[in-house]
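Asks: What follows is a single structure, and I will ask about it in a moment.
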Amino acid sequence: MKFGKTFANHRIPEWSSQYVGYKSLKKMIKEITRLQEDIYRAHNKNSYDEGRPPTKMRDSSNSAQNYLDSPKIQKLLASFFFAVDRDIEKVDTFYNSQYAEYKKRFERLLSSNQFNEIKSTLVVDANKEDAVAQTLLTKDTREMNMLLKGTSQASRLSYHKDDLIEIQSILAELRKQFRNLKWYAELNKRAFGKILKKLDKKVGTNQQMSTMKTRILPLQFANDSLITKDLSLLKTIWEQVTFRINSYERVMRSTSPNANANDNTEFFKIICVFIEEDDSKGLIRELTNLYSELSLIPTRIMISVLNKAALSKSLACIDAILKVIPSLNDSEDINRRNFFHHHIIAIGKLIRKQEILSRKKKSQPSKYTNSEGEIVTDLRTLHTTLSAPAESDSITEEEKSSACTLSYILEELPIHLRPCLFQHDNYKRTPLHYSCQYGLSEVTKLIIKLMKEWNIWNEIPIDDVSAFGDAESLTPLHLCVLGAHPKTTEVLLQSLDPNVKLKSSSLLHLATEWNNYPLLHVLLSSKRFDINYQDNELHETPLYLACRLNFFEAAVCLLYNGADLEIREKLFGWTAIFVAAAEGFTDIVKLLIANNANFDIEDEGGWTPMEHAVLRGHLHIADMVQIRDELVTHPHSQLNSGSEEKEPLNEISAGELNERNENGNGGNKGSLGKLAGPIKSYGHRFLDNNESLILITLGSNDTRNKSPSISLSSEALAKVIGLETDCALSLVISCNDSIDKSSVILDLPLDDNVDAVDFKVPFKVDYSHTLYFDIVPTYGTRSLETHNRIDCQKNNNNYVMARGVSMLNKSYSSVGVNRSILNGSVTVPIIANHTLEILGTLKFEYIIITPFEHPQLPLERTETYWKSLVSTRVIGHRGLGKNNPNKSLQIGENTVESFIMAASLGASYVEFDVQLTKDNVPVVYHDFLVAETGVDIPMHELTLEQFLDLNNADKEHIQRGAGHSPHHVNGADTALQKYRGRSVDDSDVSTLRRAWDLHDNDPNGKSNNAHWSDNRMRLTKTFKKNNFKGNARGHSIASSFVTLKELFKKIPANVGFNIECKFPMLDEAEEEELGQIMMEMNHWVDTVLKVVFDNANGRDIIFSSFHPDICIMLSLKQPVIPILFLTEGGSEQMADLRASSLQNGIRFAKKWNLLGIVSAAAPILKAPRLVQVVKSNGLVCVTYGVDNNDPENASIQIEAGVDAVIVDSVLAIRRGLTKKNEK
């Protein structure tokens, strides 16, 4: 997940309209870069026919290629900065307004009489808690004894604890508000830094530093010093108040052993007893005794006693208090709240506490699936299931009885006290606001009923901010929706006149984000909202939002109430089916299709939902939204045609592939235009002989591992770091050996799928490098370039709050010379700087790429070689093709004979798999397990001698076998020897078949030799899975295993090699049960490279591998031989994120300067137009798989612009393509 998604998901819902328009600004940058690319292409056209290397992609670091003096680009830049200025103004205005409001509330608290009365009793130094505790306990005991004796000082103590509890509640709310505002400011500051950095990187400007310095950093929201200071003071007071409350409770328990230790509602037992027994006379008598006269009792005490009596449903006590209480308002109340405010808040907290205590975690069956586990898509069935209110919103007996008691109070209330029910507190909230906030539907119903009876209720929209808005512009209806209270929401809506129209259609978006069916259904059933309302920023409807967030319940409710499925959002012209298909939300896609969503449509870039799903690896979803339009499924490339060039449908920057395929100028459906050819350049920067590269991945590339990369305990942070817990934190990664003495800064919390961090270091044989992971305050210790490197000398102990350290040469246990473990995950503790307590953990993976030396390394390719790389060609898979269990003549896969025949039949390259034996010799073999041994043994556990001798075992058996005369065997061997000595054509097939027929067969047509071979392998994992083994005698024309060096000598020099480096990924090793110990990767790659460079002699060579780290090493160790990244493209489930989809494969290949990708044919066949996505990113596109054995499939791909197809049936595909070209 990149910052764009993190930004959207981390916003505070009620403030969603007040954030930076990040996506809109991002789209504007894409428009600028698209125009730059158009100008660049017009000046630099590729000339493939002349055999010259293709033109490089536009380099934004080259000012001459940015065309910033172009009037069109200057106009777009002016529009961009105008939009940035408007966003800066919006964010700054909102932040200042909210901060002023929260600051005013805090200052009001600190200046209140209640706070001043208890301030002198607070702990001065919270760090001396143990020393002060005894003093306070003694003082509390003395005060409590004075209370019990009826002394005059007891009157103050009687309400101290209530004041403390209220102050604690206010502090908690203020802390939440300040923290939300702080996060709001931090998120927007990051967004500005990110978008300006993206502008500089993509467009080639140099605006981030200057704009941040002059326009953003001087503003208050970009500097958190004031709010951090407020939070620090607030935290100090919070700790002292909490300590004081706990002290009172200890005194109560020590002074009155029979008192209820859990009673937090009264200080003195006797008053509580009178209220609980509803003894009004005793209550009045005790109060009179305490204060001499009723008129001397503070209003605050009277309100507190009335509140307790109401909570206890003590009607007699209520009557007695109402007769003597002078007012329901306490002029000295901190928040200017009256009895009704306090009482409704107390009811809400009491019911919420009961719900928490009674809530039990139960695993309930899914409401969305039937008995077979299939998703239900019928709206009526789903509506019946989902429309029942949640248990948390049901009306409890406590609420009913509380509402009855409140009703009784209101009936007995003198007329002159009625306005108290509608009085505003300091937050501009009435009791109705609080009843809605806590979801008290019965109380809300009662208040509205009385307002109507007393002619106070005005028939105006309940969501009208001017009439009902509080200090934060939240109305009672807003509070109901934000609290997800459907019952209370229904009460509010039913109280309105049918003709009254509501003003806040955006409430549907807020309700959608709760994914609460009953809440949404109540809103929509009222018919007062526009169900298709589009927000102002992105024009997203509630249905689109539900589908983007994968909120099934919300989507069902919206569809049931008639939401339009075909409304498009603003940025890319996507409907709901687009975002659901692109994100891979299977259930949502099924639901939309069942409700007739149109998926045979294109977005603004000309792409269909099917193509978006394929690109992101969701092939099962692509099947659901598959379209049959031949203009999409059989596009025609104009790559080498002489027709007029057309704009491509879409060009995607590799850096943006984690988002959407946003760019796009439209274009005609089915016409790919003149595809941008692969424009990769070689001779790229690689490691010098004295350099290594450390590549660090925070977390894991394994998508099965869901644990966070960094886990910090909030409790430990609060305890150890103290006042700084409310400051923004960053992670600084540094290496002691970094050549440029730099560090990398990442703001916390980390975005998902953070790009790998790298350090170039001096080469050390023992890998003795040390990594530091420091937790530091975000502000005051960094340069203006967010997420860029800073001088590691600044990262000193004055700023480091906590640190984790990893010594890389000690991070794993040694498993042998040139051996390593596959699961390279390291977890280090994060230790506090001063206390040395563990604050959390950090998990990462790393690889160290060491340099490779060879005399032939500076070798350069000719222009003819470039031409061969960009011309469509056929590559023989494992030579002539991989073997299959069909009863037909087959030459053994990965054999010399197979490679020679493939070349003679028209293959430009032959593809084969290379692995290393135990004694470090590269051999040609496909499977990780060598089944020919009769046991499941991996290749790296066999020596070369043992591996090659496996063929001799077969020959010896044949020579000893009964029924096989010497002339039979010798005849076959003679024919095979004749075949091996030269290239072959189709006429050799009959000779080979006759030689094969010399072997005796059993009645079933299977040779005795095959029985012997099968019997030996019958217990191996490979044979059990396939009941077959390639290049096995009896199944194919088997030949001897061969080393990589032998291939260079035996295969004609004009035949190119596509060398697949076969190194297992973690999930592959687990599936094949290979164990965790493998060849050390640098040693593996260096060994293969040495053989290749020793024997290349001008041969065309391409490396390829499914393992991303192997590709990285091959790219960084040498600049000569191009590398292709093999990917399933989503056709198979892969654990490594980089191999999980075509999109991630493109990003990976682009980042590490690879020649291109080799994708499984399935995704390309489903969406052939995606070939241009690959090629517009400067990459070669090659495909493989059994689908390529169909000439029609190969033809479709080649017409779409695929550079090469790897096939098993070389002759058939070549003939098919020839016939196609002739037509």
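Even glycines carry a Cβ here, placed using N, Cα and C.
Here the structure is a predicted model, which means the values were calculated and not measured.
Swiss-Prot feature annotations, pasted as is:
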- 1-213: domain 'SPX' (DOMAIN)
- 43-64: region 'Disordered' (REGION)
- 43-59: compositional bias 'Basic and acidic residues' (COMPBIAS)
- 427-456: repeat 'ANK 1' (REPEAT)
- 472-502: repeat 'ANK 2' (REPEAT)
- 504-533: repeat 'ANK 3' (REPEAT)
- 538-567: repeat 'ANK 4' (REPEAT)
- 572-601: repeat 'ANK 5' (REPEAT)
- 605-634: repeat 'ANK 6' (REPEAT)
- SER653: phosphoserine (MOD_RES)
- 872-1217: domain 'GP-PDE' (DOMAIN)
- GLU911, ASP913, HIS926: divalent metal cation binding site (BINDING)
- SER983: phosphoserine (MOD_RES)
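Structural setting of the listed features?
Replies: Over the domain 'SPX' (1-213) the predicted model carries a mean pLDDT of 78.
Within the chain carrying the repeat 'ANK 1' (427-456), a Cβ under 8 angstroms from the stretch's Cβ atoms is held by residues 105, 335, 340-341, 344-345, 347-349, 351-352, 393, 395, 399-400, 402-403, 406-407, 410, 418, 421, 469-472, 474, 476-477, 479-480, 483-485, 487-488, 490-492, 495, all 6 or more beyond its ends.
Counting same-chain residues at least six beyond the ends of the repeat 'ANK 4' (538-567), those with a Cβ under 8 angstroms from any Cβ of the stretch are 23-24, 368, 379-380, 382-383, 386, 508-509, 511-517, 520-521, 524-525, 531-532, 574-577, 579-580, 583, 585, 587-588, 591-592, 595-598, 601.
For GLU911 (divalent metal cation binding site), the count of additional Cβ atoms within 10 Å of its Cβ stands at 27 [all protein chains shown].
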Asks: Restricting to the same chain and to residues at least six past its boundaries, which positions have a Cβ under 8 Å from a Cβ of the repeat 'ANK 5' (572-601)?
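Replies: Same-chain contacts beyond the flanks: 27, 368, 375, 377-379, 541, 543-544, 546-548, 550, 552, 555-556, 559, 565-566, 608-610, 612-613, 616-618, 620-622, 624-625, 627, 629, 660, 662.
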Asks: Please state whether DSSP places GLU911 (divalent metal cation binding site) in a helix, a strand or coil.
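Replies: In the DSSP reduction, GLU911 (divalent metal cation binding site) maps to strand.
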